[in-house]
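Per TrEMBL, transmembrane segment is recorded for B:12-30, B:42-60, B:81-103, B:163-184, B:196-220, B:240-264, B:276-297, B:392-414, B:426-447, B:453-476, B:497-519, B:543-569. The Na(+) binding site annotation in TrEMBL covers B:A21, B:V22, B:N26, B:S250, B:N282, B:L401, B:S405.
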Amino acid sequence: MLGKIFFLLCLSSAWAEDLCSKAVPPEAYYVRLSIKTALGDKAYVWNDNEMFLFQATLAFAMRSQFSGQEYNVSNIVVCDETPRVSFWFVVTSLEDPSRLVSRGDVEQAVRKSRNRINSAFLLTDQTLEFIGITPTLAAPVAPNTPPWLIVFGVVMGAVFAGILVLLVLPLIQKKRKKNQPMEDEDSDEETQVKTAENGPERSGVYNMSFSDDDKFTQM
Amino acid sequence: MEKRPNWESPIQFVLACVSYAVGLGNVWRFPYLCQMHGGGGFLIPYLIMLLLEGVPLFYLELAIGQKMSRGSIGAWTAISPYLGGVGLASVVTSLYLCLYYNIINAWSFWYLFHSFQSVLPWAECPINSNRTGPIEECERATPTQYFFFRETLNISPSIEENGGIHTGQAMCLLLAWMITYLFIVRGVKSTGKVVYFTATFPYVVLFIYLIRGITLQGAFNGIKYMFIPKMEQLANPNTWINAATQIFFSLGLGFGSLIAFASYNHYNNNFERQAIIVSMINSGTSIFASIVTFAIYGFKATVNYENCLERVRLLLLNTFNIAEDSITNDNVFTWIEKLNTTYPVQFAEIENQLEACDLESELNTAVEGAGLAFIVYSEAIKNMPLPQLWSVLYFFMLLLLGMGSMLGNVTAIITPLRDFKVLNGVVCLFCMLVGLSFTTTSGNYWFTIFNDYAATFSLLFVVLIEVITVSYIYGIRRFEKDIEDMLGHRPNWYWKIMWTITSPLLLIFLFVTYIVNYIRGGTPTYQAWDKELGKTVVKEYPIFGQIFIGLLLVSSVSCVPLTALYVYCQKRKRGNHLKRAAPWLNCGTL
């Protein structure tokens, strides 16, 4: 049993090396990582362990997409690693290591688990690029009322209120002024009437000349 | 008879003039002229023109307004009945200005309201419907241009094609007019209080921006670029012409607003000192605003330059698969050389994608007008930390500047019309309804027609007639006596020489130059936004556009001769009623 597994591993690694020395197959996807751009000082060094993680995450992606099919690290063949940290990879099929999984299937798997792959490397869609697989951009958050309308409503309401106040206030003031001289006149009349009542009963026309004068001077 | 209202204090009058004169032109036209005409060296022709024509003409208009205590039509009719047309021309020009100027305030409101979001809408391109990437038009242009041309204006490809009204714009325009009405509803009483704020707050914002601006990365590049004078520009006649024109328009002469404001003054108000103060403040603000603008320019240019370098660096890294940290922004150019020599074939493939990053050329992109305020500035703002705050501050300042100028513009119309008992509300409503046409998809092109032609030519003409009238027809001696009556002393020889000789000569020269340039310029053109290319292209105005331009130019100017003719005929008719013996003098049939 152990011997068989060992044999298969040797075969697959030999097969992988074979694959890498040939021309880039059409099912391959280029991957490019920009670790230093994304993380700056906290950037980790890219080494074989990181590559192993990549293979593992991709195997995980394939497994999530095609449930039941148990992809392994050995199924993810990586070639042409450059100092840029870019390489291309293919996925060998489970039944036959010489056959490669189609581009469409790989794309679906990557798209489905893109988030998980990104977070495994602390990168984003822009810093971990799969050339040919455009990232699905997040749907824009569209609030029910656009925020500008709210601010507009507030300002418009304030201005409207201001105009009303400025138009109505002088009218109210005018009314008050009209009532005031009337009140003064009434109180004058009252006192005069009171004094008149003490004397003989008033008859004839009330002498308005005094209060009339007051009215005129107030105007 | 209703007593004419007055400013509550001379400070209100000064602030009203400052609020009116200090407007958007100080922020977006002067820095452009500075850049075009040799940086710091431009200050020389600018200050000379301020002394030769700016202050004297400002003084003249204030004197007329304060003496006659009437709006422009009444004032000029009182000076000489034949020249009431000058006042009418001022009112017509102010009307044109009112029609289109509030659109700028509507845009400021639009931007201001859109600043209250977590991500400024002009910071990033919106995503297309497939969610595969940004909208193409936005990709080809920049997000700020896209937001201005597509989301704010929804601009059509040319002036001939029209569409519907942009509802958001229309609402903002309605708000702008309501606020204008609010400011003038009680006449001088409300205007006088408002100007305390509209005249002073922009300086607070400018000061805050100055501090923010000079602490930005790369600001010094911009300021250095602006202030290092390129003296050879002084030999260019256009520099002097532009300096004269800028002083002239910046002070707002000829619209009748200054006459209107001064008409609410007390008879003995010392307007001589105020004229000098306001003119100095106006020019000082222009210079102050350009320092801020250039600091921001420098920042924006540096950011763009750094981004350009970053893009080139990425391109090199990705094509040649070199380790990330080997190429930095500083050694990009050395790497380009190296790679060109070592891998010429591969390099040739990416040659056309390689951008030439140059800080000088970024600084050189001089922009003026609405483009500067709404595109360049908003681009700079989105790169600042806490962009929402800076955006709100900036557009609020633009609003105050614009509203302050609108106050003057509207006062110039309602003051003379007040004598004809036309209501303030009617004027505002009329202007707003006509202004709605500027919110249509081709509205911005019509706006540009108004902006370029409605006020320029007619103002030169109006002010020329004004100064010649006062100096020669009314008589400089009579004018001197009037000023002595008001101020207690005669204007000294400097003013008299400017009014009688220098300013008229300068104005005639500017007037003739304008006509010559207009004729020599051939068919007038405009910048149309091309959505496929993602940039503006130059197009010629169609026939109806050119006719409209001609109408605009002629309509306000013709008020002067037409009114003179009308008054002449009226006088002749009245003369005929008195002496019926000469029937052949009947002019009524004309």
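Cβ from N, Cα, C; glycine included.
Curation does not apply to TrEMBL; its annotations are automatic.
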Fewest other Cβ within 10 angstroms of its own Cβ, chosen from the binding-site residues B:A21, B:L401: B:A21
Contact between the transmembrane segment (B:392-414) and the transmembrane segment (B:196-220) (at least 3 Cβ pairs under 8 Å, separation 6+): yes
Cβ packing number for B:V22 (Na(+) binding site), 10 Å threshold: 29
Residue numbers, six or more beyond the limits of the transmembrane segment (B:240-264), whose CB comes under 8 Å of its CB atoms: 4-7, 13, 16-17, 20-21, 23, 25-26, 29-30, 33, 36-37, 42, 45-46, 48-50, 53-54, 57-58, 61-66, 68-72, 75, 87, 90-91, 93-94, 97, 188, 271, 279, 282-283, 286, 405, 408-409, 411-413, 415-416, 455-456, 458-460, 462-463, 466, 506, 510, 513
Any contact, the transmembrane segment (B:81-103) to the transmembrane segment (B:196-220), with at least 3 Cβ pairs under 8 A: no
Touch test for the transmembrane segment (B:163-184) and the transmembrane segment (B:543-569), at least 3 Cβ pairs under 8 Å: no
Cβ atoms near B:S250 (Na(+) binding site) (within 10 Å, other residues, all chains): 23
Other same-chain residues whose Cβ falls within 8 Å of the Cβ centroid of B:A21, B:V22, B:N26, B:S250, B:N282, B:L401, B:S405, the recorded Na(+) site, in sequence order: B:V18, B:Y20, B:G23, B:L24, B:G25, B:L251, B:G252, B:T285, B:S286, B:G404
Contact check, the transmembrane segment (B:196-220) vs the transmembrane segment (B:12-30), 3+ Cβ pairs under 8 Å, seq sep 6+: yes
For B:N26 (Na(+) binding site): intrachain residues, at least 6 apart, with Cβ closer than 8 Å: B:S250, B:N282, B:T285, B:S286, B:A289, B:L401
Under 8 Å by Cβ from B:S405 (Na(+) binding site), counting only residues of that chain that are 6 or more apart: B:S19, B:Y20, B:G23, B:L24, B:Y101, B:G252
Considering the transmembrane segment (B:276-297), which listed stretch of B:42-60, B:453-476, B:497-519 counts the most C-beta pairs under 8 Å: B:42-60
Stretch-level contact, the transmembrane segment (B:42-60) and the transmembrane segment (B:543-569), CB cutoff 8 A, at least 3 pairs: no
Same-chain residue ranges lying at least 6 outside the transmembrane segment (B:543-569) that approach it to Cβ under 8 Å: 81-86, 88-89, 92-93, 96, 159, 449-450, 453-454, 457-458, 461-462, 465, 523-524, 587-588, 590
Remote residues contacting the transmembrane segment (B:453-476) - C-beta distance under 8 A, at least 6 residues beyond either end: 57, 60-61, 64, 76, 79-80, 83, 86, 89-90, 92-93, 96-97, 100, 245, 248-249, 253-255, 496, 499-500, 503-504, 507-508, 510-511, 514-515, 518, 549, 552-553, 556-557, 560
Other C-beta atoms that fall within 10 angstroms of the C-beta of B:N282 (Na(+) binding site): 24
